[in-house]
Amino acid sequence: MSEEIICKLVQYCLLTAFTAGISLTLIPAHGNDISNNRLENNEVFSSNSGASRLLHSRIEYRLQKMLEARSSPKGTSQEQPVQIHILLDGPLTAETRSAIEKLGGRVEIERGEQLQVLLPLERVSELAALPQVRYVRLPHRAEPRQETRPELYRFAGDKSGHPNKGAHPDSSSEGVFVTSAHRLHQLGITGKGVQVAILDRGFQGYRNLLGDELPLEVTIKNFNLGEGFEGNNHGTAVAEILYDMAPDIELTLVAAGTELEYMAALDWLRTQEVSIVSFSLGFDNLGPLDGRSPVSTAASRLFDEAGILFVTAAGNEQQNYWSGTFRDVDGNGAHEFSNNDEALNLELRAGDLVRVILNWDDWGEDPSRPRSDQDYDLYIFCPGTVQFSPDNACASSVGFQTGLLGQEPIEQAFFAAPMTGTYHVFIVGASLETGENLLRLFIGGSQGKAFPMEYQNADSTLVLPGDGRGVFTVGAMDVLTQQLEPVSSLGPTWDGRIKPDIIAPDGVSTVVLGPFFGTSAAVPHVAGAAALLKSQDPNRSAQKLKLLLQQASIDRAFRGKDNEYGAGTLALENFVANGRRSPFSGIWWSPSQNGHGFFVDVRNDTLVAAWYTYDRVGNPFWLLSAGPMGTSDQYSGILYAFQGPILKSSLSSFFDGHGSTVVSRGMGRLDIDFINSDEAAIKIQLNGDNLISPNTFNLQAQPFLGYPAAEQNPLIPYTSKHDGLWWNGQQNGHGFFINIQGTVLTAVWYVYDSRRGEPFWILTAGPMKSATTYSGTAYRFLGPSLPSGTDIAHHFDAAGSTINGVASGHLSISFTSDTTATVAINNVLSVNETLQLERFGF
């Protein structure tokens, strides 16, 4: 091995001794005859007595290897104390505290039955032998979700007019402009009065940025007992972005490293007047991916019990995982990644620092008190290995999972690659009861670096606590292309929930890190956006902020929330004027029923629903309901009859002569329950009068898409500020409803053939030509439709809901501002005219 590699390895071992331990042996490849590939011996110590094995089973394998390295003749004595995580059989007693102190230890954090202790390494075995101690291990540590790509440093937009350019004019986040946060700044919405906390590993260099890239005054609190408050500059870069997004927030900086430090920090934040927490760290593969891990439940409780919005990173691990069910067809104990292939090949370069973490679904009912009895071992073999024997492994992790309290279903191997080439990763079932566990294998380098892996899965690659039920999980998109970053982790969770919740920019400028990539950079954009919305209305709860943040997104992939983009990409444009449309805005209909569809427009907390229909003698009118949403996904309000909105055109018939006056005639009630963005339950109760019979009916509705979803192009998302009803209040006729998904526009207009007196819809749909212009073929069709069996559905509906795809001319739309548009009608039923429209405001 070269001197340079030995040096790197020694440095890596010293760096990880307190964070991850050492599970490493470097042995030249050689061949030992063995009958099969089964790796059987996982005993570390020479003693095989029952008492010794029990004691060793209570010590994590990484700690055992550190003790072994210390006692080895080739090893070096390590007199420095190490941080130890201890699980007790109950709350810490005075006797146990005294015993720990006599061993030279100091209790750093006490949280229920768990302790973090600073202790000389050589006293670990004595610590594990204390009567109250059930398990000892090295602490799990949260890692930054940062990618470093200095070769991609670039300027992404005009920063003129930014409120806090300060002494570093080129270091303001370009995400401020991509998300349109600057538009809110111009209206004086800057996060004033909102307290936001950043929880991170460290804030090195923050003092130099106070009053410039950071507020003049900040509150600081340190829980990172191993590295200190300024041991890392990652949190400083996060704070720069958050301050760019919300330049008048009250900012608190909190440092933590281990899981108990993290939880202690969350406990402290509960006592502060903090509304939002930004967390750009994550725990890699160190718990169940179903929201039940201790770090995930702690964050969710912060939301559920304290009403604090916890914004966290999805992770940058899309290319770092393999997952699947353990299988061993040939019965030799080794997992088969595919037919007759028991090794996952891994390409490494000499000197690469590598983490390999195996996790499986044996966490029990309480993952904070695991007792795994499904025992797997992990082996990594160097290039050129002839026989895959335990003695030949470059690195391994063969810890105990015998059902004792504290034993986690995790194996971890950390090593520096001694040579360039193809390495081989084996998973061995050492002692299994079921042998059908879901395995999750993580392989990564420093700062989440991904290595070429023979087998790899992109799904379910989230870091913890990004799987949490109450947390708001953020993925990353490139600030220039607005495409999903190829490293951004995907859902779903193990229990099938969609994650992430939203996507935000990365690749933005900072002072301390230069270009800042990864979900670490995306998180503060969302936390800052939440602070802006909170300052706009201080009464908005954490739940309401989550809803609004998703409504303030542009749907990018499949309609509705998905495991890549979540609800979509963060966009604040339409909070500037008329408010932001929600994913519930659009045309809702039931293809299996006759009648005409609902137009639904939701902006901020207000819903407007309009339904064009007929009375029993065939006269048309609108049913309108409008008012605040009762909850995030439910509405209930009075239905009114009126004759608008209207629009003059020679395509319109004599029915339009009624004019545009709203007739405030209560007709009943409308209740809408949005089950999700693709399904709604609509209940209509009609009181009845001389033209309408009393009736109640329930509809199962779905959104109407006027253009094939597969052809929608999500790569250039225009902000949907033009969605909604468009009309001209000074002219007669019936209004357009416009809906934009990604770059695709759908416009429908209910009109009449004035020559025949027959109603129909004019539909046009397709990709927009630019952010403000559309041109496409107009089609005549007889849907969408809503309910049959009532006299409110006129006989014209008998034709059903089938789209009659007959080209009937051409429509061009030009949005001249956020609230005005010009529509050119060309040869639609031989009509040619230009209409001036305005957006129906509320």
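Note that the numbers count up from 1, one per residue, in the order the chain is shown.
Positions of Cβ are set from backbone N, Cα and C atoms, glycine also.
Here's what TrEMBL has on this protein:
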| type | residues | note |
| --- | --- | --- |
| ACT_SITE | D200 | active site, charge relay system |
| ACT_SITE | H234 | active site, charge relay system |
| ACT_SITE | S520 | active site, charge relay system |
| DOMAIN | 191-322 | domain 'Peptidase S8/S53' |
| DOMAIN | 456-568 | domain 'Peptidase S8/S53' |
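For D200 (active site, charge relay system), the count of additional Cβ atoms within 10 Å of its Cβ stands at 28 [all protein chains shown]. Under DSSP, residues within the domain 'Peptidase S8/S53' (191-322) fall into helix, strand and coil as 41 helix, 33 strand, 58 coil.
Spatially close to H234 (active site, charge relay system) yet at least six residues away along the chain are P144, Q146, D200, R201, G202, S280, L513, S520, judged by Cβ distances under 8 angstroms. Model confidence over the domain 'Peptidase S8/S53' (456-568) stands at 93, taken as the mean pLDDT rounded to a whole number. In terms of DSSP secondary structure, the domain 'Peptidase S8/S53' (456-568) contains 28 helix, 25 strand, 60 coil.
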